[in-house]
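Structure, as structure tokens:
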């Protein structure tokens, strides 16, 4: 799969450890070095601002999508290649998904998880065939991955759908995995045969 743009979901907070910001810098820089456009939530704060600043500093193109309410709160990044202001969170997610060829989640909070799970669900439902992945940073997503495996074991998620979520220990490894990903064909829902 040829990637031209990658949407990054990440926190509006820098997190408790400097390793999170270091990972955001590495990802932003690597996206720019590969000539990939960064699409993200448009914020100037937390990991959002860090990944955008790193991509811009490395000569990359950065497109931010921000809801009007957050723009009015003055957290929108003013130095982006392009900042689009939309009506609300639903429009933001839809526009980011429209512009992106792939999705990566850095560490973040509820908004990051919600964005990741929404695009993952869209992929499961066949609304898109775009790869998504987690950048492994300091074991941040390990508890979530364990829970996701539990969902498969309990037959609430198909293994094929669980397998849609790639992971990488470095930006290079993750971007290579996303570029090599091919969608698997699987029934939408878990087998409903009684046990």
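Cβ coordinates come from backbone N, Cα and C, glycine included.
In the structure as shown, the Cβ atom of residue 121 (substrate binding site) sits within 10 Å of 11 other Cβ atoms. Positions annotated as substrate binding site by Swiss-Prot: 74, 92, 93, 109, 110, 111, 112, 113, 114, 115, 121.
Residues near residue 112 (substrate binding site) in space but far in sequence (CB under 8 A, at least 6 apart, same chain), listed by position: 9, 10, 11, 105, 106.
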